[in-house]
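Annotated signal peptide per TrEMBL: 1-16, in sequence order. According to TrEMBL, the feature transmembrane segment maps to 26-50, 71-92, 112-133, 154-175, 272-297, 317-340, 394-415, 435-458, 464-485.
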């Protein structure tokens, strides 16, 4: 797209200008491009630091959660744990790699790990939803950006809604991946570092984490519980030769260890404190870079350039090959995610483009689906690095992640009628565009309240879960069917059900809630202003009283001064009278 932008600038603008104008136009375009690349680099690095911050804050908790096998044996509890752990570490690659390592070590069976892998898919989609929140300033931009971000959420939730009951009933994912792993042998390997080669110099100069600590806690390693996630020693040598140009070195258990050089290597703070510091800084850099990227894109992608780029990105192949375009977009999304090794980075990067209208939501949807496939390569390559005796199980659970996303794509993409996530995301985007506060309610309910409610009901037992969940599910299905019939076949419904006007306004409209939120915000703002005004008045009064007190004390302490002042006042009055008389 960047190369296309340069070519378009040259052909659309430069040809109509004189020599000086051509040089100036090219320099401005190249300067904007360099700034955009710089902001993108900082954006990706801030996402990496954000993931490290979340691991420092909740990484050990995530490891502890994975230890309770009795809870994990419940499919719904396992699903919710996968969601919450991925929210804590902000990386589906990390959480899925932990699951693979637990299966590899024999602490989890493949059947128990399947729902957890499904949950990791849901948890990773919160990042781009949060990124969309930074564009809430402009209503239409926010509507598009939030719809483009939540299409990923709806795909993951709908896939789980269909495939989890199917897996519990038939073991579909387990059986198919078992057949695959039994049919061929794969040699072990390691995950390649592609984008990390570029970002590591900056991110590793700020913080380095020991990823084995979380895996050690999850695999019940007693030594890992007392270790810090912050890496102190980066290299180990088994020989006794001192490496040259090394400032810090320590002999430990007959090994030479070289100290790390990141900012927090010698800081005497807890992991939680460092994590909170990095969380605040990374969020600040993330939001700043995102705002600047959007501003630059708005200035770069306008006029004829925007028209051409939109046409190139959103146009399908000519008939009868138009259907191929979406699948090519899926491959592009998978390839880009494989390069950056993070679906969160890729989906968060295209969210601003959807917001400003460069990429349509219909094109963003297959890109997100491809991103889901690309992120599974990390777990597959991590599984291939497992020991030979546990390679089959580790590879099987990694393939479960891959097959789950492929099955979701088969369910919700090939037939245009089944692309339900697009319609749901557009509907939610329209709601949040009108009531922007609802975006916060959606994130809290979708990623925290709903998972915790399901988790609590699943722990209470199947009877409680069925008794509460089934009536709610039936009621939700009935509401959806009535809504569809109201829009398409209202004649099939009784006169009462052709609209929801028979219900109280708050039961079918967000307008009363919007008024309540508006009043609450107004009161808070008014309260803040009143408090500020009251404090200013108090300060002014205190200052005035102090001045009066000082003057009053000075006058009454010196009687000569009071007489002299009275004489001066009398002379001033007389002079004014004389002037008036003269005039």
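Every residue gets a Cβ built from N, Cα and C, even glycine.
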Check your understanding: Does the transmembrane segment (112-133) reach the transmembrane segment (394-415) with at least 3 CB pairs under 8 A, where each pair is 6 or more residues apart?
Key -> yes
Practice item. Give residue numbers and ranges for long-range contacts of the transmembrane segment (435-458): same chain, 6 or more residues beyond its ends, CB-CB under 8 A. Key: 74, 76-77, 79-81, 83-84, 87, 122-123, 126, 129-130, 132-133, 136, 139, 142, 146, 150, 153, 157, 428, 464-465, 468-469, 510, 513-514, 517
Practice item. Spell out yes or no: are there three or more C-beta pairs under 8 angstroms between the transmembrane segment (394-415) and the transmembrane segment (154-175), with each pair 6 or more apart in sequence? Key: yes
Check your understanding: Do any residues of this chain, six or more beyond the ends of the transmembrane segment (272-297), have a C-beta under 8 angstroms from a C-beta of it, and if so which?
Key -> 32, 35-36, 39-40, 42-43, 45-47, 49-50, 52-57, 131, 134-135, 141, 206-207, 230, 264, 352-353, 355-356, 358
